[in-house]
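Engineer: Residues annotated as transmembrane segment in TrEMBL: 28-50, 70-89, 96-116, 122-143, 155-177, 183-205, 226-250, 262-282, 289-310, 316-339, 351-373, 379-400. The domain 'Major facilitator superfamily (MFS) profile' annotation in TrEMBL covers 31-404.
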Amino acid sequence: MSTCEQLELADTRLRVAGGRGETAGNPAWAGVVSLSLGIFAIVMSEFLPASLLPRVAEDLRVSAGAAGQAVSVTAFAAALAALVISVVLPRADRRHVMIVLTVLAAVSDLIVAIAPNLYVLLAARLLLGVALGGFWAMAAAMAAHLVPTDHVGRALTVINSGVSGATVAAVPLGAWLGGVWGWRGVFLLGAGVAVLAVIAQAATLPNVTPAAAGGLRALGSVLRSSIVLVGLFAILLIFGGHFSGFTYIRTAVQDLSGIDDAGFAVLLLVFGVASFLGTVLSGPLADRAPLVGVFLFPAALGVGMLVMRLTGGSVVGLFIAAAVWGLAFGGVPTTILSWGARTEPARLEQIGGAIVTVCNIGIAVGATVGGVLVDGVSASTPLLVGGVASIGGAAVLVTARRRRQR
């Protein structure tokens, strides 16, 4: 997750190309916008801990590493939900499912805002994980039902803008508002945004009959491929490395430079804008030079993390590192999904689902390892370990790509 959501959206774009829009002649653009608002609310809530971690830890009287597990439990729940929701609810009206999942996100934020201790907060974040995994597993496929086939790409762009909006604006805004309202007030705001999304979805989404679920046999065939397994391990390293550092970026930056809340909010904004630019650049590169993109973006991600750690407290250096890191991470989802599509062109749905699940596991593992390093070594150590892991993942992934080309 994230940009794990972008993986699922891009995967669906591949799967529905040449497909059939079920509302041809009557596109439900308002419903598409409501899905975008829902993704914005959920993704914003997912990453709020990264900007509020020191405040949460201090208020709940726990270590920063312990508080960072709010990201880990969310990712674990999302990984499971993304795999099983269509199996558990094979016949459920997708309109009702999307609304209930967004309600879960609102309830999660509300409970977090009033949580008396870390255990209640983590339980609430499990609910958010279910909402996150289930929502992105269905949102893009549902969009294909809302507009004609020749408008699906535009619909997915609208939905994906919710992810970009949360990355560029919501988290930096949360960092700033945390200093004004306190961290609990920021989560109350997140609950309010989710409620607005619920209202919009209830007013605009039509009833949608679920499509047939994919078979377990096809998924098993994908997972028996040695090239796929090597690639998934590389993706685990890349996402685990990224989130080992990003989850604790506020703590690390504070330790390295003592930057204040306003400065940190600007730093996150730089990261988000650069990430959006990386997303834009990654598509043409994935088409024209896939091997270059598969190595370049993950490797640059690791370099950005290492540079941030080695700036020596220079604020200018921190901002340059954040820009490189953000630009690189923005390009990762498209390039690794492109690798998956070229590796298993006949099983796009299965390889896409495997990548999304592994990316969520990477988020959880990265946040967990990062927490151990923050508590046991130093606040900035996850930047070193995560940077090395990401560069290693890039090398492994490009090796798997070359093996496929032979």
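Glycine is treated like the rest: Cβ placed from N, Cα and C.
Unlike curated entries, TrEMBL annotations are predicted automatically.
In terms of burial and nearby residues, how do these features look in this structure?
Structural biologist: Non-local neighbours of the transmembrane segment (28-50) in the same chain are 1-2, 5, 56, 67-68, 70-71, 74, 98, 101-102, 105-106, 108-109, 128, 131-132, 135-136, 139, 142-143, 146-147, 155, 158-163, 165-167, 170-171, 174, 186-187, 190, 193-194, 196-198, 200-201, 203-206, 246-250; each lies 6+ residues outside the stretch with a CB under 8 Å from one of its CB atoms.
As a whole-number mean, the pLDDT of the domain 'Major facilitator superfamily (MFS) profile' (31-404) in this prediction is 85.
Non-local neighbours of the transmembrane segment (70-89) in the same chain are 1, 4, 8, 46-47, 49-50, 56, 97, 112, 121-122, 125-134, 136-138, 210, 213, 243, 247, 353, 356-357, 360-365, 367-368, 371; each lies 6+ residues outside the stretch with a CB under 8 Å from one of its CB atoms.
Same-chain neighbours of the transmembrane segment (316-339): 3-4, 6-7, 10-11, 14, 231, 235, 238, 242, 253, 256-257, 259, 267-268, 270-283, 285-287, 290, 293-294, 296-301, 303-305, 307-308, 352, 355, 397, 400-401, counting only residues six or more beyond its ends whose CB sits under 8 Å from a CB of the stretch.
Under 8 Å from some Cβ of the transmembrane segment (379-400) lie the Cβ atoms of residues 64, 227, 230-231, 233-238, 240-245, 247-248, 251-252, 254-256, 291, 294-299, 301-306, 308-309, 336, 339, 343, 366, 369-370, 373, all in the same chain and six or more residues away from its ends.
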Engineer: What stretch of 183-205, 226-250, 262-282, 289-310 shows the most Cβ pairs under 8 Å to the transmembrane segment (351-373)?
Structural biologist: 226-250
Engineer: May I ask which of the stretches 96-116, 262-282, 289-310 has the most CB pairs under 8 A with the transmembrane segment (226-250)?
Structural biologist: 289-310
